[in-house]
Structure formats: C-alpha cells, structure tokens
Amino acid sequence: MGEGNQTSVAEFILLGLSQDPKTQVLLFCLFLITYLLSIFGNLLMIMLIQTDSRFHTPMYFFLKNLSFADLCFSTSIVPQMLAHFLVKKKTISFAGCSLQIVVFLLAGCTECALLAVMSYDRYVAVCKPLHYSTIMTRRVCVQLAVMSRISGAFACSVDSAFTLCLPYQGQNVINHYFCEPPALLKLASADTYNAEMALFSMGVIILLAPVSLILVSYWHIVSTVIQMQSGEGRLKLFSTCGSHLTVVVLYYGSGIFAYTRPNSKAMNEKDKVISVFYSVMTSVLNPIIYSLRNKDVKGALRKLAGR
C-alpha cells in the first residue's frame, strides 16, 4: 500500500519480535511451551476450584474468574503470534486486528478489576475475620465479579472505539507482534490526540485506580499482620497475600508503563519486551504462583494425580 493510496487499509503487517529466522524458531518453541503451560495451568485451576468443595470460597471464586480471563487474554494474542513465527509475511486483516484488540482489552481490563477485588477480599479476610462470612457472601462475590466485567467492558469499549474509528490509509506496517492500541495509533491518517488522551484516561481509571485500592488494602493487611502474636499465623497470611501481590506487581507494573505515559512516536524493542510480560507471561505465572504457594492446591493436585 503506497503512501498516496487513500483507500482504507484492508490488512496490517506485523513486524513481530524478531526478523532473524533462527531467532523466530527459538521464540516459537519458547512461546509454544509458555502458551501450553498457560492453557494447562489455568484450565487445571478452574477444574480444581469447580470440583473440589474445599475451594468453594470467595478467594477461589475470584481466582477461577481470573484464570478464565487469563485464558481469553493469552488466546487472543499467542496463537496468532505463533503462526507468524512460521511464515514470512506476517499479516492480519483489519477485522482480525479489531477482534484481537477488543478481546485483549476486555480480558485485560477485567483482570485489572479482578486483582483489585481480590485484594479487597484478602483485606476483609485478614482485618475483619469475624465478619468475613457476612460481608463476602455468595451474592456479593457474584456482584463484584460482574462489576469487574462491566468495568472491563467499559474501558474496552472506550479504548477500542477511539482506536478503531480513526482512518487508516497508506501505512500498514505495525512495529509490534500483535494489534495493540498504542502501536496501531501510530499508523492513523488523522490527528490521534483525542485517542491518546482516551487511552491515557482509561489507563489511569483501570490501572492506577485499582492499584490505589490494592495499596490501601495491603497497608491495612500488613498493619494487622504485624500486630499478630502468632508467628505461624503471620507466615501463613504473608504467604497467601504474597501470591496475590507478586501477580499484581508483574501485571500492573508492565501495564502501567505501557498505558499511562505519553504516547511516543516509535514503538521500540523495549516496549515490545515489556508487552510480553502482561500479554503472555502473567497468564502462565498466575496458576504457578497461586498453586506453588498454596498447600490446599498442592494437596488437591496430589489427590488428583493419585486417582
């Protein structure tokens, strides 16, 4: 598509993570293993939580929702990326690019809200243990999960509308490995200021607002744990909350870097590597982090393996 062609772009070319054929084969193997682990780990978490009565608690209810969001999140990106490692021309249609953006944003923004909800659940469990069962009822848990999805859908609709309603004519080469709004905006044939501000605003709402809630929750949790007399009780609580906090740091840290800074005119290699953390790595790390640091999950896995 030439620079003078004013017809709308029908497809985009993705440059990917590397142009070197040998590196692409290596990356294909690495991301295939990562994706299979992500699918297996999250499906296993969902199955365990669904079938084992020990996990019919608010914390695991939210973890099941998180695992489902992770499945959608990684599946919207990784299969396409794997296919592109094996072909010379890495193209994606405008419709395919639009669908990828919508699913990626919907799952990603929902996950942001869910992580904040999970921090509130831990806050109630640690700081208000006597009232936990009356506060975190089944109805409240369902309402919080639904609100997470509604907030995710709202942020997704704003970001995708501002990004996809812009005209794309002429340039069609995206310096990225998937269709992500900041990378796509660089190819728009019109002023992108409003779209950039919309992305920044949604980034603040869906990233910084939940992070603030998480920090407040953990401030109260740490204050409560420090006052505990039992060393064993402290260790157990730090272990449970530590799993959640590890996921939060990995996911929000990379996401905030990408979505709450001024939109630079060039997507560099550092930006692409940081995108790998929140688009690929967290979905495989979530089930590993939660299962390795949890005796109940490890016990359920041993029980399942012993059958």
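Glycine is treated like the rest: Cβ placed from N, Cα and C.
Feature annotation from TrEMBL assigns transmembrane segment to 25-48, 68-87, 99-120, 197-221, 233-253, 273-292. Feature annotation from TrEMBL assigns domain 'G-protein coupled receptors family 1 profile' to 41-290.
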Legend entry - Spatial neighbours of the transmembrane segment (68-87) far in sequence, C-beta under 8 Å, 6+ residues away: 14, 16, 24-25, 27-28, 31-32, 34-35, 38-39, 42-43, 46, 96, 100, 103-104, 106-108, 110-111, 114, 177-178, 279-280, 282-284, 286-287
Legend entry - Listed stretch, out of 99-120, 197-221, 273-292, that has the most CB pairs under 8 angstroms to the transmembrane segment (25-48): 273-292
Legend entry - Cβ contacts the transmembrane segment (197-221)/the transmembrane segment (99-120), at least three under 8 Å, sequence gap 6 or more: yes
